[in-house]
Amino acid sequence: MKLFPIFSDIKGRCVLVVGGGAVATRKAQALLEAGAAVSVGAPTLTPELARLAQGQTITHLQGEFDADWLKDAWLIIAATDDRTVNTRVYEAACARRQFCNVVDDPALSSFQVPSIVDRSPLIVAISSSGLAPVLARRLRERLESLFDHSLGALAELAARYRPAIRAARADLKERRRFYDWLLDGPVAAALRRAQPQQAQEALDEALARPALSQDGRVVLVGAGPGDPGLLTLKGLRALNEADVILHDRLVSAEVLALARRDAERITVGKRLGENHNATQARIHELMVEHARAGRRVVRLKGGDAFIFGRGGEELEHLRAHGVDYEVVPGITAALACAAYAGIPLTHRDYAQSVHLVTAHCRADEEALDWDGLARGQQTLAFYMGVGQLDILSARLVAHGRPGSTPFALIENGSRPSQRVVMGRLSQLAERAREQAVASPALLIVGEVAALADRLAWFGKP
């Protein structure tokens with residue numbers, strides 16, 4: 001271990017920053033956040049530092065570096081763009097046995113400032129010992145995405161309740177189990193939703209019970225259309241915490257690869273020709289079964305669970321069986337596929353509204369308002385329509401939509417294998433057969449579909 005990691009309490013202590021530029025400004029602001037009494041030594045200051053000095057938030061030591069500036073300093077940071085000045089600062093600090101950091105110069109530093117992930121009071125520090133600061137910064141960025149911003153509030157709540165938890169759970173093993181529940185259960189979930197009152201109530205109720213509930217919970221997560229980069233941060237965190245993942249067949253392997261490695265993965269997607277109601281009933285059973293076994297369950301759906309994903313039915317089943325749940329929205333296929341094809345769903349010249357339509361209904365196609373769908377100045381996005389293209393185009397034309405209306409069929413939208421087949425509405429079924437378009441594919445009908453010709457950026461239309 002090249003460096004010894006240490007966290008320092010600098011509240012009220014004098015910290016000297018030598019330099020008045022942008023880097024010095026960032027360092028001074030970070031030190032102020034930690035409660036330090038900051039002095040900045042420099043001939044001139046950035047507007048932000050000048051404002052802080054004018055408001056007496058910092059002390060400005062004006063002029064060229066003077067070793068006398070160090071006499072009251074507890075820590076020193078040299079942040080000038082002149083290595084000669086930085087060397088003088090470092091040597092003066094060493095002569096007085098004071099810790100000094102020269103920004104981006106490990107050879108002239110007796111301590112280094114790490115990259116941090118701040119979820120105060122929880123702080124994670126990352127250091128490459130000054131050898132690879134870009135790598136440390138990249139790791140910090142990844143950790144930022146994994147650590148929910150509610151962790152600080154959770155740590156503060158746990159600290160506030162520590163005496164009560166110790167009193168209610170005298171046995172060490174029971175206390176550890178309680179803390180595991182606190183970190184993984186409804187208290188943490190409420191804080192993630194920015195509901196501190198509900199979190200406190202859940203904690204009070206748990207402390208009043210002689211034993212913890214063994215029930216788990218279900219998180220309904222929208223995985224997006226395929227590109228793993230479109231998974232939300234909340235969705236990623238849920239996958240990293242899951243014990244069991246019940247996923248549809250359309251969820252990409254790349255998204256599943258982001259999940260916790262030891263999580264049990266169960267494919268529950270429906271196949272063409274299956275009894276979908278029976279399959280859905282089995283999904284309901286699995287969610288309840290695993291949650292009641294105390295497991296954290298992620299129900300992972302392609303796109304967004306509430307856009308033609310039967311997410312509402314699944315929540316109704318969970319509510320009826322008393323299972324706790326949470327919903328993490330996803331990017332639905334219409335939004336993502338259109339964007340990846342270069343198609344703006346609305347455009348002031350062509351479309352003032354968007355209709356999301358499923359071509360796979362409980363009843364037949366007569367359930368749709370074809371007169372309304374055939375009107376102009378709107379965009380239609382049809383889900384699950386590959387097997388209904390003849391009917392869709394014929395109905396739209398019969399109800400007044402011109403056969404010359406542009407369409408775009410987007411197959412495997414947002415994935416490396418994405419294809420976009422374009423044409424006129426009267427040619428829809430024929431073009432799809434010629435190009436052997438297969439599911440999953442999204443159909444967009446409207447003047448905006450033609451824009452893919454000149455706005456495409458991901459692959460080629």
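In case you wondered, yes, glycine gets a Cβ from its N, Cα and C as well.
Here is what Swiss-Prot says about this protein:
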type	residues	note
REGION	1-203	region 'Precorrin-2 dehydrogenase /sirohydrochlorin ferrochelatase'
BINDING	ALA22, VAL23, PRO43, THR44	NAD(+) binding site
MOD_RES	SER128	phosphoserine
REGION	216-461	region 'Uroporphyrinogen-III C-methyltransferase'
BINDING	PRO225, GLY302, GLY303, ASP304, ILE307, THR332, ALA333, MET384, GLY413	S-adenosyl-L-methionine binding site
ACT_SITE	ASP248	active site, proton acceptor
ACT_SITE	LYS270	active site, proton donor
By Cα-Cα distance, the member of recorded positions SER128, GLY303, GLY413 nearest PRO43 (NAD(+) binding site): SER128
Candidate nearest SER128 (phosphoserine) in space, where candidates are the recorded positions THR44, ASP248, GLY413 and distance is Cα-Cα: THR44
ALA333 (S-adenosyl-L-methionine binding site) CB neighbourhood, other CB atoms within 10 A: 27
Candidate recorded positions ALA22, THR44, ASP248, pick with smallest Cα gap to PRO225 (S-adenosyl-L-methionine binding site): ASP248
Collapsed DSSP category at GLY303 (S-adenosyl-L-methionine binding site): strand
Shell list (NAD(+); ref centroid = CB of ALA22, VAL23, PRO43, THR44; cutoff 8 A): GLY19, GLY20, GLY21, ALA24, THR25, ALA42, LEU45, THR46, LEU49, THR80
Residue among binding-site residues ALA22, VAL23, ILE307 with least C-beta crowding, 10 angstrom cut-off: ALA22
Additional residues around S-adenosyl-L-methionine, ordered along the sequence, whose Cβ is within 8 Å of the centroid of PRO225, GLY302, GLY303, ASP304, ILE307, THR332, ALA333, MET384, GLY413: GLY224, PHE308, GLY309, GLY330, ILE331, ALA334, ALA336, CYS337, TYR383, LEU442
Cβ neighbours within the same chain of GLY413 (S-adenosyl-L-methionine binding site) - under 8 Å, at least six residues apart: PRO225, GLY226, ALA333, ALA336, CYS337, TYR340, ALA341, PRO440, ALA441, LEU442
Spatial neighbour of ALA22 (NAD(+) binding site) that is closest, considering only the recorded positions ASP248, GLY303, ILE307 and their CA atoms: GLY303
Listed in sequence order, residues with CB under 8 A of THR44 (NAD(+) binding site) and six or more positions away: GLY20
Binding-site residues compared (PRO43, PRO225, GLY303) - the one with the fewest other Cβ atoms within 10 Å: PRO43
Nearest recorded site to VAL23 (NAD(+) binding site) by CA-CA distance, among recorded positions ASP248, GLY303, ILE307: GLY303
Alpha-carbon distance [ILE307 (S-adenosyl-L-methionine binding site); ASP248 (active site, proton acceptor)] in Å: 14
